[in-house]
Amino acid sequence: MPNVTVVGAGVFGLTIALSLPRHYNVTMVACDMPGDPDSLDWASPWADAGFGGGGTKPNDPEEMEMLKAAFRYYWTLSESHPESSVKKMQDVYFRDNVATDADLWWKDFMPDYRIMDPSELPPTSNAKIGITYTSPVLTLSIYLTYLTSLLHASPNVTFVRKTVSSLDELLYLSPDVIVNTTGVGAGTLSPVNNPLVEPVRGQTIVIRQPAIDHMTLQSGIDYCYVIPRGDGTAVIGRIKEPGDTADQEVDPEIRKDIAFRANQLDLRVPATVDALDVVRDIVSIRPGCKGGMRLEAEVLQLGADKMDVPVVHVYGAGGTGYALSPGVGRKVALLVDDFIMGDKFPVPRMVGKGTTAVASTVSEEKGRCKVM
């Protein structure tokens, strides 16, 4: 069976592993795993997601198709797998920099799409246009657990807890293909060392407010959102400047601004921090990339012997990782198949080339390091 090593166990890594054929041996290698204690070293557990139709590159045809595929995937989950946390919900989208929807490629794709009457716009938010539609919303801590449970039920998938600083360190697994989903780590992962990787600091507040029953987003000049989680809580927040990772403490001024702007969008959110029923504050680092998400296949020379190893890179989705992940999973699965089954990237396969000692080490490590 072909061996595929996926580096990173965030939403990209998990979704890609589920998208690969079951006759591939898949090894998930990561330092941080779903269910671990809170850590800012990875982004996936910290987000909350609704589907807004936005990618990392404006009107990019490939990302549009990925987003459409993701929408269909989440819509189906909402109807057939409530344990995934995915549910259909009314979304309200305000724009404060333009008064048109002409540039929104997804306006003919979303169910129940409607331009709101001007009287429905929040009077203090500077919104120039409001749009409402129905889309999937998910609670990410539950969704990650759902994906992980599916992988643990798959006999072809093994989890290995390991800190990886170089792709060379994975050669003992005899991978036919390596899938690099290391997020911000791609900036320092050898030999990738991508200088375009750009962390983005985010700050949000989880509040208790059962009355909030739909997602609200504003973008343009001011960016803010209110996302109900379905358990009586909601996430309110915004993103700060890209590249800001130095301060991982809660910024009290941003906290005040979040409450103020969220109240403008939904009056059920108190306008002051003191009036919020706060569950927790969250500061997280999102994995951005200048120029947009990198999704690319190449052959790298790894190890002392400079062995040709196929690598598929996918990272840099910033705050759109969950919206893109199902479509990304499909695309990466095709690229992996091109390496293993096709002739697009004809390189020597590594399966069967390892010594008995290497094979024994792999088996021992899998048995020792399998988690959850």
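Glycine residues also receive a Cβ, built from the backbone N, Cα and C atoms like all the rest.
So that you can see what the record holds, here are the features copied from TrEMBL:
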- 4-333: domain 'FAD dependent oxidoreductase' (DOMAIN)
- V164, T182: FAD binding site (BINDING)
- R286, G319: D-dopa binding site (BINDING)
Self-check item: Distance, R286 (D-dopa binding site) to V164 (FAD binding site) (CA atoms, angstrom)
Solution: 19
Quiz item: Are there any residues in the same chain, six or more apart in sequence, whose C-beta is under 8 angstroms from the C-beta of T182 (FAD binding site), and if so which?
Solution: V7, G8, V164, L189, V192, Y315
Practice problem: Measure from the Cβ of G319 (D-dopa binding site) and count the other Cβ atoms within 10 Å, all protein chains considered. | Solution: 21
Practice problem: Note down the number of other Cβ atoms within 10 Å of the Cβ of R286 (D-dopa binding site), including every protein chain shown. | Solution: 23
Self-check item: Protein Cβ atoms within 10 Å of V164 (FAD binding site), excluding its own
Solution: 20
Self-check item: Confidence summary (mean pLDDT) of the domain 'FAD dependent oxidoreductase' (4-333)
Solution: 91
